[in-house]
Amino acid sequence: MASLSFATTNEDLAFSNSGVGVFGGFPLSHIIYTHVMLAFAANKRHDEKMSNIIISVADFFAQSPANISSQLPELAQAMGTDSPRHIFELAGRGWVEDFARAVTYASADAQPILDHQKGTSAMTTVFAIMTAFATLTLILRIWSREVLVLKLMLHDWFMVAGFLLSLTYGIISVLHSSLLLPAVAVWDMSWNTYAHAHMYQTIMSLIYPIPLFFIKTSLLLFYMRLCPSCPSEIRSVFRTSIFVTFFFILSTCVTNVFVIILQCDQLAYWEADTTVYCKLDSKMAQIVLGAVNVLTDLLIWLMPLPIVWRLDLGKREKILAVITFGIAAVACVVSAFRIRAIHLYGYVTDGKLLSGNVNILTVVELNLAIICSSAPAIRALILHYAPRLLNVYSQSTRRVRQPTTKEIKQMELSNSSDEDDDASTYIIQVGINVRHGEYPMSPGGGAVTMGGDGVRVEDVGNMKGSNRSVRRLA
């Protein structure tokens, strides 16, 4: 009884005469409520299907036309409860006399026309695929740090923690999905299955905001290392926005956890011997908190783009960098779909536990967040080992730094022979230090050395048509 008031609309689901129904004049909500209430009260039959208990009570009423109050011990035996107290509690929720008979008959007669949907193994498949991609991504991220930085940074450890918590969420999701494989409709499952399904769902609801917090914090810590050469005013504004976003994420995580803990008078409401009241509209709370998560996703996605665009890179390199950070937009889209899924499938929908659909999107969301957040580290690894994959040396984007006035003064121009002209060049190095994210590395990890005409130094002496000669810069 406790869990139904939590698991549907959180409104007072005591029986009423309102509503037009197709099940013997009763609405579907009354049919659902009758199944769960009687199954909860029948504590000696918690391993039987709820529909079996409904049919047993309906048969008892058909054979015993006397008032319910005059035959409580017999009704308790037929129902499968060890105490008439549970029947008194049913009466307190509106299940009394003629109404109790009518709604129980309607629930029993509705069995042939009710939806008897079974569960699917989609959760297991999605979990296996997404976890494989996330694991590979994390391995590449760690490899990138060990090769290029020689150690894991703080934001990498936060990402590892987020991955482990996401893995925990996924494993519990698979257990939840496996539990509902035989049936997702409440009338086809036992009270024990119903209670364990809500137990798993509550645990997942408690876990969900925590890996998100670690993943998003990892990104914010990474952002703190961006643009060390930016003007101090820009760095100050950027760091302030990072701290504000961090406290926003932290407060959302804490709020989400406390909403789950305090939504009912007892956290483990499925184990209660008596009715547990849940006064908070948990479904709406999850939708609101999910919307806040989408907002923080957008903030974190958009935050580094102006800084990245200010980096001293070629236009093509800037676009590639923006795309690298912009991959996170995919996770934002999945988060939005998850909110829609909570609205459609959260808790009990038409008598079915379809929250597995929400769990699938949650697993995709968490793993995509890990994958997208690791994109910059993986890109740096590719630039180190196989820069041609990203074509970072296309002529259209290569940038050659022009010598300053001071450097020009250091050049000693010569009017000697062509042989002397070819004997010296000025050197400008163009490359990226992937640890600082400024310019692309050359194949093999070295910097590209360019001559005065924008060609490699080893090619300078072989070029024709050039009469200019400059000495090598110190």
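Every residue gets a Cβ built from N, Cα and C, even glycine.
Feature annotations, reproduced from TrEMBL:
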- 140-382: domain 'Rhodopsin' (DOMAIN)
- 20-42: transmembrane segment (TRANSMEM)
- 122-143: transmembrane segment (TRANSMEM)
- 163-187: transmembrane segment (TRANSMEM)
- 199-222: transmembrane segment (TRANSMEM)
- 242-262: transmembrane segment (TRANSMEM)
- 287-307: transmembrane segment (TRANSMEM)
- 319-337: transmembrane segment (TRANSMEM)
Six or more residues beyond either end and a Cβ under 8 Å away: which residues meet both conditions relative to the transmembrane segment (122-143)? 152, 156, 159-160, 163, 166-167, 170-171, 173-174, 176-178, 356, 359-360, 363-364, 367-368, 370-371, 374, 377-378, 381
Can you work out which residues elsewhere in the same chain, 6+ from the ends of the transmembrane segment (20-42), have a Cβ less than 8 Å from its Cβ atoms? 1-4, 8, 13, 48, 50-51, 53-54, 57, 79-81, 86-87, 89-90, 93, 95, 102-107, 109-110, 113-114, 186-187, 190-191, 194, 348, 350-351
In the same chain, residues at least 6 away from the ends of the transmembrane segment (287-307) whose Cβ sits under 8 Å of its Cβ atoms read 209, 212, 216, 219-220, 223, 226-227, 230, 234, 238, 241-242, 245, 248-249, 252, 255-256, 259, 322, 325-326, 328-329, 331-332, 335-336, 338-339, 342-343
For the domain 'Rhodopsin' (140-382), mean pLDDT (0 to 100): 85
